Amino acid sequence: RQGIGEPSVYHAVVVIFLEFFAWGLLTTPMLTVLHQTFPQHTFLMNGLIHGVKGLLSFLSAPLIGALSDVWGRKSFLLLTVFFTCAPIPLMKISPWWYFAVISMSGVFAVTFSVIFAYVADITQEHERSTAYGLVSATFAASLVTSPAIGAYLSQAYGDTLVVVLASGVALLDIGFILLAVPESLPEEMRPVSWGAPISWEQADPFASLRKVGQDSTVLLICITVFLSYLPEAGQYSSFFLYLRQVIGFSSETVAAFIGVVGILSILAQTVVLGILMRSIGNKNTILLGLGFQILQLAWYGFGSQPWMMWAAGAVAAMSSITFPAISAMVSRNADPDQQGVVQGMITGIRGLCNGLGPALYGFVFYLFHVELNEMAEVETLGKASRPNMANPTDESSIIPGPPFLFGACSVLLSLLVALFIPEHNLVLRSGSHKKHSNGAQPHTHSPQAGGLDGKEPLLEDSSV
């Protein structure tokens, strides 16, 4: 067996940490390069770049997951990490090529899907949620630490050193996969023939979405996830740029903001979530999380002072309990052989939002003319003050962040839908899910293999 030792969760954890640590280092340089490359329509182009990347990832994830069932996880870990990190050196070589390659890299930017398949290969079903939690916590930890380090190095030594360091970390990750990561999928678990082992139905990104209407409870949950995650996905793509260019945060303040909110989010999802689930129940925890998200988005939308952003960031940390609570509700109430099917629907909805959300936010910013007139004001004169927006209108002076208010309205609709979700008896009325459970799909990570629409190994693997 190639690699060091037996395959373990710790191999997966190192791969995820290094990849997202490299990208986290670039938080500050990327905001500068983005504005310098697209000075007139910064938010619009940012939304389009992340939107294209998200949609390509949504379309390609099931196919890459299916191919990894045939050729093994290691080769696809190498492929996804390489293409995800390929744009990093281009930041200083050619910004236009950098953003073009970022958009196209979405085809392979599905490392999490392959990592979850890797973890599922080597864990028992009762260990899987803990292992997935460790991977997700590692991802959060990498993004809590790296932006602050990147901001400090950028301030002290310049952006070029940060890009070189990020490229080095990415190469280290690739080298670790090549030399240290053992293959998790044994030969006997793979199909014998390489000729036609993949069902195109299995690789269809819309397969999970087509099942949404089969059960009213599942439909309510999926609508709740869509309406609440759409603004969240858009916010992730543009919020740090918004803090830097519209509110006037310095690079160091943005990095500190990421770190503080990240630590608070980890505490909320570990300590606070458990207390709330035991004290007020699963459904009420979801409703409370949505309520915090509405407050957070409204505060971001109307807030124009730095202290307002910090206060809203603390609320944002509390709103992070929503999706884990939804996943827990599904896990507790769905039958064991339906877990992957329902979780896969939710994951498909989130993947779609990762493409639509950034594009929506960028378009709304563009409609309201929310841009910065001079980046130099932020760098030299305006670190402590809020710079003026280009083409100021009555709307932009009253509502600094219009997309966040659109997001608050979307989450309010999500809250109204969530009120009708029954807390128990989450069942798919789609016929027997056990008729093919006699070993047709031997992979240990595919308990839903006997579903109505055949094998869908990636669906459960990509659910957080």
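In case you wondered, yes, glycine gets a Cβ from its N, Cα and C as well.
Any TrEMBL annotation is an automated prediction that lacks curation.
Quick look at what TrEMBL annotates:
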type: COMPBIAS; residues: 438-447; note: compositional bias 'Polar residues'
type: DOMAIN; residues: 8-425; note: domain 'Major facilitator superfamily (MFS) profile'
type: REGION; residues: 432-464; note: region 'Disordered'
type: TRANSMEM; residues: 12-31; note: transmembrane segment
type: TRANSMEM; residues: 43-64; note: transmembrane segment
type: TRANSMEM; residues: 76-91; note: transmembrane segment
type: TRANSMEM; residues: 97-119; note: transmembrane segment
type: TRANSMEM; residues: 131-154; note: transmembrane segment
type: TRANSMEM; residues: 160-181; note: transmembrane segment
type: TRANSMEM; residues: 218-242; note: transmembrane segment
type: TRANSMEM; residues: 254-277; note: transmembrane segment
type: TRANSMEM; residues: 284-302; note: transmembrane segment
type: TRANSMEM; residues: 308-330; note: transmembrane segment
type: TRANSMEM; residues: 351-368; note: transmembrane segment
type: TRANSMEM; residues: 404-421; note: transmembrane segment
Report, as numbers and ranges, every residue of the chain located at least six residues beyond the transmembrane segment (308-330) whose Cβ falls under 8 Å of a Cβ in that stretch; write 'none' if there are none.
221, 224-225, 228-229, 243, 247, 249, 257, 260-261, 264-265, 267-269, 272-273, 276-277, 282-283, 285-286, 288-290, 292-293, 295-296, 299-300, 302, 339, 342-343, 346, 421, 423, 426, 463-464
How about the transmembrane segment (284-302) and the transmembrane segment (404-421): at least 3 CB pairs under 8 Å, pairs 6 or more apart in sequence, or not?
yes
Applying the under-8 angstroms CB criterion, which one of 76-91, 351-368, 404-421 scores highest with the transmembrane segment (43-64)?
351-368
Taking contact to mean 3 or more CB pairs closer than 8 A (sequence separation of 6 or more), are the transmembrane segment (12-31) and the transmembrane segment (131-154) in contact?
yes
Hey, does the transmembrane segment (131-154) touch the transmembrane segment (404-421), meaning at least 3 C-beta pairs closer than 8 angstroms, sequence gap 6 or more?
no
Counting Cβ pairs closer than 8 Å, which of 131-154, 160-181, 254-277 has the most of them with the transmembrane segment (76-91)?
160-181
Can you work out which residues elsewhere in the same chain, 6+ from the ends of the transmembrane segment (131-154), have a Cβ less than 8 Å from its Cβ atoms?
9, 12-13, 16-18, 20-29, 112, 115-116, 119, 123, 161-162, 165-166, 251-252, 254-256, 258-259, 262-263, 265-266, 463-464
How does the model score the domain 'Major facilitator superfamily (MFS) profile' (8-425) in terms of mean pLDDT?
80
What residues in the same chain, six or more past the boundaries of the transmembrane segment (254-277), come closer than 8 Å to it by Cβ-Cβ distance?
27-28, 31, 137, 140-141, 143-145, 147-152, 240, 243-244, 284-285, 288, 309-310, 313-314, 316-318, 320-321, 324-325, 328
Other than its close neighbours in sequence, what residues sit by the transmembrane segment (160-181), given a CB gap under 8 Å and a spacing of at least six beyond its ends?
3-4, 7, 11, 14-15, 18-19, 21-23, 25-26, 28-29, 74, 77-78, 81-82, 85, 88-89, 91-92, 150, 153-154
